[in-house]
Amino acid sequence: MQAKQVAAVRAVQSIQEGMVVGLGTGSTAYYAIQEIGRRTAEGLQIKAVATSVQSENLAKELGIPLIPFAEVEVIDVTIDGADEVDGSWNLIKGGGGALLREKIVAAASKQLIIIVDESKAVGQLGKFPLPVEIVTFASELTLRKLEALGCKPVIRLTASNEPFITDNGNYTVDCHFDRIEDADQLNLALHAIPGVVDHGLFLHMATQVIVGYADGSARELER
Ligand SMILES: O=C(CO)[C@H](O)[C@H](O)COP(=O)(O)O
């Protein structure tokens, strides 16, 4: 098993009968959804909500029962990946373009289990460009406001060089900071920009971080 899969399989052990489960997005969350599919095929009774169209489609293929958000009061556990995680379990997410739905689901979850391989554990956040979801209206203006925060903002493109459009119909801007000195302050500054819908800093949200290693082991990241 590769590192991402080991972390995913370990995290899925936390899912118990009757739970409402949030399904993350990305290549690590993919392994978690596969494992949830395997367990539901064996008879585990759960209900799930997805953080992207991609994960929703995968869940449908695997026969994982999905419920509409209108029926969700609380999500017991969400298992999701991350692009960076620091020693306080603060995260950069959104590399896979799903940060808004991921944050809505994470905020509604009693437990948020983050699964990563060891390359994602960092001393300080910011080497990975911070994804920011913005509305398409007046995007040039929003880009200038982002630049004023000290980063180089780049609208994410698809392989065919078109702007990448999120599941919510917005742009994603990758903000190159190199290092983020004060993530709490940056969180406030980003939310103060009107065209910003949300951003990939997930602060004080994770309740557990599981790191998978190339030797096939998985360990909880201490805080
Ligand atoms: O935030 C995300 C998607 O928006 C992903 O969880 C993050 O990009 C990590 O992806 P991967 O597991 O493929 O490395």
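Every residue, even glycine, has its Cβ placed from backbone N, Cα and C.
Since this is a predicted model, take the numbers as computed values, not measurements.
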Inset, instruction - With THR25, GLY26, SER27, THR28, ASP80, GLY81, ALA82, ASP83, LYS93, GLY94, GLY95, GLY96 listed by TrEMBL as binding substrate, identify the candidate in LYS120, LYS127, LYS145, LYS152 belonging to that site. - result: LYS120
Inset, instruction - Fill in the CA-CA distance, ALA82 (substrate binding site) to GLU102 (active site, proton acceptor), as an integer in Å. - result: 10
Inset, instruction - Take the C-alpha atoms of THR25 (substrate binding site) and GLU102 (active site, proton acceptor) and report the distance between them in angstrom, rounded. - result: 8
Legend entry - Cβ-Cβ neighbours of GLY95 (substrate binding site) (radius 10 Å): 22
Inset, instruction - Kindly point out which of the binding-site residues THR25, SER27, LYS93, GLY95, LYS120 have a C-beta less than 6 Å from some atom of ligand 1. - result: THR25, SER27, LYS93, GLY95
Legend entry - Max pairwise CA distance, angstrom, over record-listed substrate binders THR25, GLY26, SER27, THR28, ASP80, GLY81, ALA82, ASP83, LYS93, GLY94, GLY95, GLY96, LYS120: 16
